[in-house]
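Only one structure is covered here, and it is reproduced in the block below.
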Amino acid sequence: MFGRGPSKKSDNTKFYEILGVPKSASPEDLKKAYKKAAIKNHPDKGGDPEKFKELAQAYEVLSDPEKREIYDQYGEDALKEGMGGGGGGHDPFDIFSSFFGGGPFGGNTSRQRRQRRGEDVVHPLKVSLEDVYLGTMKKLSLSRNALCSKCNGKGSKSGASLKCGGCQGSGMKVSIRQLGPGMIQQMQHACNECKGTGETINDRDRCPQCKGDKVIPEKKVLEVNVEKGMQHSQKITFEGQADEAPDTVTGDIVFVLQQKEHPKFKRKGEDLFVEHTLSLTEALCGFQFVLTHLDGRSLLIKSNPGEVVKPDSYKAISDEGMPIYQRPFMKGKLYIHFTVEFPDSLSPDQTKALEAVLPKPSTAQLSDMEIDECEETTLHDVNIEDEMRRKAQAQREAYDDDDEDDDHPGGAQRVQCAQQ
């Protein structure tokens, strides 16, 4: 991140005044002043939360030699421009705890009551349409980090740890470079000495089981209950089963259902759709067929006597759709979409037989004179989707050609003669 030192030096005394020390104060003087004022103004003892925050912000800047140098030279504005907050990016309770650990008041501090929450772990879970129709149980084996049982997540045999000297317990380091007059570059990164934990453990005191890492890998088997009627993208949550870490509220493991396509049935919410093709005879004279449902039942589907099924029509069967989630005895509808298959041609005898039983044409027969006055046409078969696709492609190509002509008006580019 880049920042430009202000041309007019801003206030560089405020942080010293907050701590009540002179600008020449030593690091030890800063520590003493902060500890005394922080205990007095701690919110758990009825102190002013804003004052407590200001003390932490001031001490965080002045206790860091590099930040203090920038503050003394350019003032608070330089830190704001370079770091986005005047050096107050850390929780004031973290800074306070680095002095007193669990707190000087014999109880939990406000910081301890607000433990950091670990990240949730999200896994996609593929399920079939049969799985969410019938319901199923899936056992899944997962790896996660668990607190070391030998040291209770302390990382050491004694349970003690030391504040990292490289980052003063903050877990972060700031690198600062001078790029030019009034230009500085500041970058914040995890401390490489403590890996961002703010603590170090004596090599001789390291836990023999976790080697000081505080956590160990473990295998965990979860039984995931996929209930009837669950939807695509619905979540199944196992609270507190994600990676464990010290002083952290464990996150959740979340499974997100990914419903696979079914070769026969299509699902839309609580309803199911299926395609069925009838011959022209079946559409006109009646039909019956067997449909195997998702649970293996055989459904007899048949038309009513004298019923004619039109092309592209739908029929519905109540209570044969999807079970409704958490109301498994209620179901949506099963819709059947009918397509009618017509013969490619008819013989003269077939045509006469059909004319004898089918309704007469709605349009009157044309006379020979009327036919003679008309222009004769020829019909040919066409795949309308392919036809439209070809037309769209031709239009795109023509549009591209127009763009090329606009780039080179008048056809080929002319070479300009140099003036004599």
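Backbone N, Cα and C define each Cβ position, glycine as well.
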Problem - Swiss-Prot annotation (region 'Disordered') - matching range among 61-105, 376-420 - result: 376-420
Problem - Candidates 148-155, 164-171, 207-214; stretch with most C-beta pairs under 8 Å toward the repeat 'CXXCXGXG motif' (191-198) - result: 164-171
Problem - Same chain, 6+ residues apart, C-beta under 8 Å of the C-beta of Cys148 (Zn(2+) 1 binding site), given in sequence order - result: Lys154, Gly155, Cys207, Gln209, Cys210, Asp213, Lys214, Val215, Ile216
Handout entry: Tally of DSSP helical, extended and coil residues in the repeat 'CXXCXGXG motif' (191-198)
Key = 0 helix, 0 strand, 8 coil
Handout entry: Tally of residues which DSSP labels helix, strand or coil - the repeat 'CXXCXGXG motif' (148-155)
Key = 0 helix, 0 strand, 8 coil
Exercise for the section: Other than Cys148, Cys151, Cys207, Cys210, which residues of the same chain sit close to Zn(2+) 1? List them in sequence order, counting a residue when its Cβ is within 8 Å of the Cβ centroid of the site. Expected result: Ser149, Lys150, Asn152, Gly153, Lys154, Gly155, Ser156, Pro208, Gln209, Lys211, Gly212, Asp213, Lys214, Val215, Ile216
Handout entry: Segment confidence, the repeat 'CXXCXGXG motif' (191-198), expressed as mean pLDDT
Key = 81
